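What follows is a single structure, written as structure tokens, with notes after it.
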């Protein structure tokens, strides 16, 4: 089954989508009421009145403020002690109606933001998507003060003060612990630099017709947010009469005297994918180590340089017989001939770590279709120096790099981005800084390599990224962010998959 992912939109695209719905007959008040109800249901579920009885709602002058006022009203009806702060004289008509009704119900409005200091949770509805001007003066000062308070802050759609396309801070912005994004993901929420203000992103759908989305985005490159649909990308269905040679053959190449553990981590991760045959090519001196830890693999010892890197691949190793080759973990920059040989192989490739650094010196562009590059931003800058600083932000840069190189480019980071050669983009909104340690990328390379040996490149890429991140999140729950070392991460791969599949039944 082909996964379907929620779209990521710009401000102009979201305005076109909402405009089409309104032109089709949906009353604006009806949409505001629906959105407010869904927001209040989320808040009641995650901030119950037993633990968070006192709620502050910051209401702006526009429809984001109207949504906030509906939330305030609904929480008030459900027994929460609500205080409203709306520091604006001029309101949009619909927002003014909701403010008037809130006063009629007796909800208390406070004049000064300091009056909110004793609440248990803060709901930010000052500004939504489309804000362009910088926040200054007393409003900016109030936001800065709110950011110093210890209570959890929940923003409606976009943290107030954050640009919804670029993720830039417009003077100042609410530092949200959670952002409840309405309808479709806004591009700016997924920019890596915006994450300290976005916190945990949660999509709150409000039933946008798929035909409206398709029409509005028909001429634009597609941008998607990964979600649980990624589990459908894994090669879980097998014929009852299959055999190992029909389940993919993966060649892993890497390791050195300096980085002996990297290729071992990749191999341990790769075998979790169920790949039929796993062959690992390492320096001769590492062969016994890898074989002792991965006895089900065929381990090929390679001639070494004096410093313990692979000098060349051995004669008789037929690269064309493999379904996929993953090259790079622990390789070292000495292995130029290895990468040059791999690039001539007529099979699917994953290139990581020093294979990328060597690739930057070889410049064999464009790459064979379906090649997967997995750089972090430092490696990306070495690979594509002409794009850095000239092609917009990182999301624009990764799209430009994929188009130029003819590869799938996976830019690792707090919000890992995947771009295809046709210019489509996928972003993983869920990850953890617990992965910021040596070896995490080696695990990802093994995962993607094992999946690539069994299926097409794009599915292998986003399936591997999602699986890797979800296993890390689960490991973090048990071991804290300090305990998600690579072997712990690998140990959680199959239990995470099993629980995800059980939840789908």
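Using the three backbone atoms N, Cα and C, a Cβ is placed for every residue, glycine included.
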Next on the checklist: The K(+) site in Swiss-Prot lists 64, 160. Which one of 120, 124, 207 belongs there according to the record?
Outcome noted: 124
Item to check | Around the Cβ of residue 437 (ADP binding site), the count of other Cβ atoms that are within 10 Å | outcome: 14
Checklist entry - Per-residue pLDDT averaged over the region 'NADPHX 1' (63-67) comes to what? => result 98
Checklist entry - Which chain-mates of residue 157 ((6S)-NADPHX 1 binding site) that are at least 6 residues away have a CB under 8 A from its CB, listed by sequence? => result 64, 67, 128, 129, 164, 179, 180, 181, 182, 186
Checklist entry - Around residue 441 (ADP binding site), how many other CB atoms lie within 10 A of its CB? => result 24
Checklist outcome for this item: Nearest to residue 412 (ADP binding site) by C-alpha distance, among the binding-site residues 124, 160, 330, 442, is 442
Item to check | Remaining residues near the recorded K(+) site, that is with C-beta within 8 Å of the centroid of the site residues 64, 124, 160 | outcome: 58, 60, 65, 68, 125, 126, 127, 128, 155, 156, 157, 158, 159, 174
Next on the checklist: Measuring Cα to Cα, how many Å separate residue 160 (K(+) binding site) from residue 330 ((6S)-NADPHX 2 binding site)?
Outcome noted: 44
